[in-house]
Amino acid sequence: MLYKGDTLYVDWLEDGIAELVFDAPGSVNKLDTATVASLGHALDVLEKQSDLKGLLLRSEKAAFIVGADITEFLSLFQVPEEQLSQWLHFANSVFNRLEDLPVPTISAVNGYALGGGCECVLATDYRLATPDLRIGLPETKLGIMPGFGGSVRMPRMLGADSALEIIAAGKDVGADQALKIGLIDGIVKAEKLRDGAISILRQAINGDLDWKAKRQRKLEPLKLSKIEATMSFTIAKGMVMQTAGKHYPAPITAVKTIEAAARLGREEALKLENQSFVPLAHTNEARALVGIFLNDQFVKGKAKQLTKNVEMPKQAAVLGAGIMGGGIAYQSAWKGVPVIMKDINDKSLTLGMTEAAKLLNKQLERGKIDGLKLSGVISTIHPTLEYSGFDRVDVVVEAVVENPKIKKAVLAETEDKVRPDTVLASNTSTIPIGELASVLKRPENFCGMHFFNPVHRMPLVEVIRGEKTSDETIAKVVAWASKMGKTPIVVNDCPGFFVNRVLFPYFAGFSQLLRDGADFRKVDKVMEKQFGWPMGPAYLLDVVGIDTAHHAQAVMAAGFPQRMQKDYRDAIDALFDANRFGQKNGLGFWRYKEDSKGKPKKEDDTAVESLLADVSQPTRDFSDEEIIARMMIPMVNEVVRCLEEGIIASPAEADMALVYGLGFPPFHGGAFRWLDTLGSAKYLDMAQQYQQLGPLYEVPDGLRNKARHNEPYYPPVEPARPVGALKTA
């Protein structure tokens, strides 16, 4: 053994070939600060070996290196710019030393090589991979850019266009694509990976492969003519601004950095990478996006913990077909849980099966499945008008019309047709679970399971615990939702649960703005372009359905009369009374026509002006800041109330529910992250300017208490001390 660290070791193989093996104590290898330091120590030893002829890098895990340790990021981002720059310089000196070894080097890459893992293998001369490879640089998705030389080496290896596509989009690619673009040099079966890598090293040692020429390309300026450079970088910048926009600075910064470094050698190019990385790491966007990643891990970890002793449902059922029922049935069958889809009429069953078939055909068109797989999946969805087979069902979700009487009747009838241990769930969006459970003999076996539309796209499932719901019931439904590829978040029962409870105060803020003379088009534009929502409130209401929102608004008002009962007729009432239900009938705040792809396209409709004039004061202009404040304060206040009342368990779960269920702008990180970024004291000052607008604008007591000391909701992060720990390595 030449060297043994906590996360890697170096040993001799044969004929002057050494292997450096990543083998961290946990289940995966991460390129954390300790591993970078250990790699430096390993290189100290290797550089002294006069008999060294070649070096093989490999992993003892199922994945090579999954990336940097993102749990370290928030503390690293607290480090002053100069110190962070020094640490990056140190880390890059380690990878440069690996790249500059006087012998050929190869990485034997299995599974994932992402982020820092990808940057590590870019520093070797050759890369041999297994068919299950996923390799790429996802940093821009976290609000940063590659910092270990990825933005320097990859363009010089692949050419500007292929590298920009991966780096700017934060993409990873599979083995075949990686081979095609030159990111790896070959693909072999896992059992032949080590021997194959040694064989390539021997060829390089013997002079059959020119490893020095291969290495030299990474040390020199990018080989592009001025015209080629202008074309590549102009197109890349245009594409990035179109897709990422102004709220995500990392992708455009990465492109501009690669462009500026194109004429430079490795050392100068790495300095530019460092100079670009450090300011990005100190942005609110990076903190928010890293926060989302960590919150996602927290939420998924919680679901895993909940379900560790639960048997996965083997057979499911959906009550109520149609678009929603068909979407749920498709998702369950697609992920391997057969499903019975029951309805009371053939038309709905046909609609449900058509929806499932349409979604499967899209997978076929994208090349994700073949015809055999399609027919196999569709055959596991059993449409029926009867309860036959319900005695074999482990879990049932009811997805009938949002009417408590109908839901109660369907649930009570179904309870008599299933086994005593079968779990029942309701896909209600607003009706309290306790109310629906009142007709059941086994309320402990019942909970809410709120999917979001369209089911196949929206990652969130709210799992709602009723007063009598058992832990086992929650665990079974969480297990099924997880199996379906969804992110389940458990919330406690109340009208609207969590997501709709906080959405309708947001809509109420919108209604008040319109009542006071705001133009709905401007409100939408500000909330989309300035705050960053994927849809403004008017457009969102049209998509949800004005009739659906009108009904839900009444349910919420009955549930929370003090805050959500209004004493005026609003825009939603006016459109509902005029039978303008949104996209579903082509008329809402906008008029909708199908485009060439059959998708609804919004157009201005002057007829809506007279309807809104009846419920609004004369039009007046509002500043962007006032629109954002009046829209967001009611939502944020309600989010905080949900935490204080125990409806949602943590800021992390609240923020993920908002991002995954409503499309809360990820670069803000969720309501609590936005609140922390703003500062609780500053938020209180802002909210107090609008408290005359009513109870929705009154800040909850818990938030007022935090504001006195400007306390955050997320625990404060201490700056890391990586430089002092590593610079002598």
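Glycine is no exception: its Cβ is also placed from the backbone N, Cα and C atoms.
Taken from Swiss-Prot as is:
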ACT_SITE  HIS450  active site, for 3-hydroxyacyl-CoA dehydrogenase activity
BINDING   MET324, ASP343, VAL400, VAL401, GLU402, LYS407, SER429, ASN453  NAD(+) binding site
REGION    1-189  region 'Enoyl-CoA hydratase/isomerase'
REGION    311-729  region '3-hydroxyacyl-CoA dehydrogenase'
SITE      GLU119  site 'Important for catalytic activity'
SITE      GLU139  site 'Important for catalytic activity'
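Listed in sequence order, the residues of the same chain lying 6 or more apart from MET324 (NAD(+) binding site) and placing their CB within less than 8 Å of its CB are ALA399, ASN427, PHE451, ASN453, VAL455.
It is 43 Å from the Cα atom of VAL400 (NAD(+) binding site) to that of GLU139 (site 'Important for catalytic activity'). Between the CA atoms of GLU402 (NAD(+) binding site) and GLU139 (site 'Important for catalytic activity') there is a gap of 42 Å, rounded to the nearest whole number. Calculated from their C-alpha atoms, the gap between SER429 (NAD(+) binding site) and the residue listed as 'active site, for 3-hydroxyacyl-CoA dehydrogenase activity' amounts to 6 Å. Cα-Cα distance from ASP343 (NAD(+) binding site) to HIS450 (active site, for 3-hydroxyacyl-CoA dehydrogenase activity): 19 Å (rounded to the nearest whole number). The residue listed as 'active site, for 3-hydroxyacyl-CoA dehydrogenase activity' falls within a strand when secondary structure is assigned with DSSP. Cβ neighbour count for GLU139 (site 'Important for catalytic activity') (all protein chains, 10 Å cutoff from its Cβ): 30. The most densely surrounded of the recorded positions GLU119, ASP343, GLU402, judged by C-beta neighbours within 10 angstroms, is GLU119. The CA atom of LYS407 (NAD(+) binding site) is located 14 Å away from the CA atom of HIS450 (active site, for 3-hydroxyacyl-CoA dehydrogenase activity). Mean model confidence for the region '3-hydroxyacyl-CoA dehydrogenase' (311-729) is a pLDDT of 95. Taking Cβ-Cβ distances under 8 Å and a sequence separation of 6 or more, the neighbours of HIS450 (active site, for 3-hydroxyacyl-CoA dehydrogenase activity) in its chain are ASN427, THR428, SER429, VAL461, GLU462, VAL463, ILE464, PHE497, VAL499.
For the binding-site residues listed here (VAL400, VAL401), the lowest count of other CB atoms within 10 A around the CB belongs to VAL401. Counting every protein chain shown, 15 other Cβ atoms lie within 10 Å of the Cβ of ASN453 (NAD(+) binding site).
Counting in whole angstrom, GLU139 (site 'Important for catalytic activity') lies 11 from GLU119 (site 'Important for catalytic activity') by their C-alpha atoms. In this structure, the C-alpha atom of VAL401 (NAD(+) binding site) lies 52 angstrom from that of GLU119 (site 'Important for catalytic activity').
Note on LYS407 (NAD(+) binding site): other Cβ atoms within 10 Å of its Cβ, all shown chains, come to 23.
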